[in-house]
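All remarks here apply to the structure that follows.
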Amino acid sequence: MRGQLLKLHFSLIITLLCLGGLLTSLIWYNYNVEPHRLSPRKKNPSQLSEPCKSCTKVMDKVAERKTEISEKQEDKPEKIREGNNKAVEQNSETSKKQEDSLQKVKEVIHKAVERYSQTWKKQEDNYQKFRSNLSSKCHGLEEAIITQNNKPVGSEIVYDGSKKTLKVTPELFSIFMKEHPFSNKTLDTCAVVGNGGILINSSCGEMIDSAQFVIRCNLPPLANGYEKHVGIKTDLVTANPSIFNYRFGALNGPRHPFVESLRRYGNSLLLIHAFSFSAYTAVSLRAIYTINDFESPIRPVFLNPEYLKSLLLFWRAQGLRENRLSTGLITTSLALELCNNVHLYGFWPFSNHPHDLHNLTNHYYDDMQAKKQFHAMPAEFDLLMRLHSQGILRLHLGDCPTGGK
C-alpha cells in the first residue's frame, strides 16, 4: 500500500516537472525569438502608388510628344517642298515681270529709234510758231531769272514748290542781277547738255563745244577723260541746292572745295533754284556769299519761281502731266526762246542704249537715280521726241560724228 502511494507521488512530481519545463520553454521563445514574417506579396501592376501613377502620366506625355515630333518630321519634307515650290513660283513671277518690263522698254526704245531714224530737217514754220507761243506764255527772256527790275525791294517771292512767301529786303535785293542777261538777245546755236549715260564714249565733246551757247545741268564733271564726250565749254550751268548739301556739307564747313569745283565753268552764269522750297534758300545764299567772298569769276543768278509756274502750265497744255519739271526741260525751254537752233545731248531716260541695248548708267559720271515722284523722264522725253520729229529742235542720240559735224 505504501509502495503504491510512493509511485503515485513520483509520477505527480515527474508530471509537474514536465509541465514546468514546457511552460519555461514557451516563455523563453516568446521573449527571445522574432516571430516569423511573411514574405512581401508581389505588387499588382494595376495597384500602383500615387507617385508611380504620376510617372506613368509623364511617360505617356513623353510618348505622345515623340509621336508628334515624329509626325512633324515626316511632314517636314512635304512642307519644305511646298515652301520651295512657292519660292520658285514667286521667283518665276518676278522673273516674268522683269522680262515683261524689259520687253516694254525694248518696244518703247524701238519706237523711239524708228522716229529718230527719219532724216531730220529743221521746220522753220513749226519752230517760229512754237517759239512765239512759248514766249507769249512764259516770257523767259524777261522773267526766267530774278533781277532788280522784276523783284524790287518790298515785293514778295512766292515759292513754286511750297507756296510760302519771302519779302525782298535791301540785303537780298543787293545780290540780284541788275538786268536780265538775255534781254533783247537772240543766239544762233545752243547746245543743252543733259547728263545721261548715253554720253559715255559718244565723242560728242567737239560738237557740243562748237555751239555758240552751251547750257549744262547740276554742276557736272567735265575733266578726267569726260572732255572728249561732253566737251568743256560752259555758258550757263544750273545748280540744285541739294548739291550744296550733299557734296559740300551745306557750306557750313570749309568752303574752298566748293569754290575750286566752280573753276571748270569759268565766268559762266550759275543758275540756282533757291526759291522752290524755303528749306533751300539759306544754303543758296551761303553759296552766293562764298562765291563773292572768294571772288570767283562765276556769276550766280536765281531762277524765278514765277517763270517755273508759267512753264509748268505751258507744258501741261502740251500734254505733260507732272508736278515739277526737270532741270533739262527747264533749260531746253529757255534755249527755245533764246536760240534759233537748239541741239540736245545726253537726253535719254532709259537704262539701255538705243542702238544695241547695252546697259547704261543713269548719268555719264554715276548711277544715282532721279526722284520719280518729282520727274517723269520718259514722258518729258516723249515730248522732246515730238519736237524733234516736228523739226523744232534736234535730239542727238548715240555717237557723234568726228570733226564736229
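Cβ coordinates are placed from backbone N, Cα and C, and glycine is handled just like the others.
Keep in mind that TrEMBL annotations are predicted by a computer and have not been checked by a curator.
Computed from a predicted structure; not experimentally measured.
Annotation source TrEMBL lists compositional bias 'Basic and acidic residues' at 63-84.
Around the Cβ of Cys190 (disulfide bond), the number of neighbouring Cβ atoms within 10 Å comes to 25. According to its DSSP assignment, Cys190 (disulfide bond) is in a strand. Taken from TrEMBL, the feature disulfide bond applies to Cys190-Cys339.
According to TrEMBL, the region 'Disordered' annotation covers 63-102.
Look at TrEMBL and you will find 12-31 tagged as transmembrane segment.
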* Structure fact -> Cβ contacts within 10 Å for Cys339 (disulfide bond), all chains included, total 23
